[in-house]
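What follows is a short report on a single structure.
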Amino acid sequence: MPQKDPCQKQACAIQKCLQANKYIESRCDDVIRAMRVCCEHAGENSVCCSGFVREQKSTEPKTLL
């Protein structure tokens, strides 16, 4: 039996919030922040975090060697 995604609850909360607020992301900052926190802890163990993990990697500053 597959395990439940550890951040599914937060992902569903984002969808619910966005639908209730006509997809204005700024009105859902708190639930989006909760998703980021969950993804920091769950990392690659969560399919729901795949977009958040990519987003975080692309916004990290590049270091020169």
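A Cβ is built for glycine as well, from the same backbone N, Cα and C atoms used for every other residue.
The disulfide bond annotation in TrEMBL covers Cys7-Cys38 (among others). Taking the Cβ of Cys7 (disulfide bond) as reference, residues of its chain lying under 8 Å away and at least six apart in sequence are, in sequence order, Met35, Cys38, Cys39, Ala42, Ser46, Cys48, Cys49.
When other Cβ atoms within 10 Å of the Cβ of Cys28 (disulfide bond) are tallied across all protein chains shown, the result is 21. The annotation disulfide bond is assigned in TrEMBL to Cys17-Cys28 (among others).
Within 10 Å of the Cβ of Cys49 (disulfide bond) there are 25 other Cβ atoms, across all protein chains. Residues or ranges marked as disulfide bond by TrEMBL: Cys39-Cys49 (among others).
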Judged by the number of other CB atoms within 10 angstroms, which among Cys17, Cys38 is the least packed of the disulfide-bonded residues?
Cys17
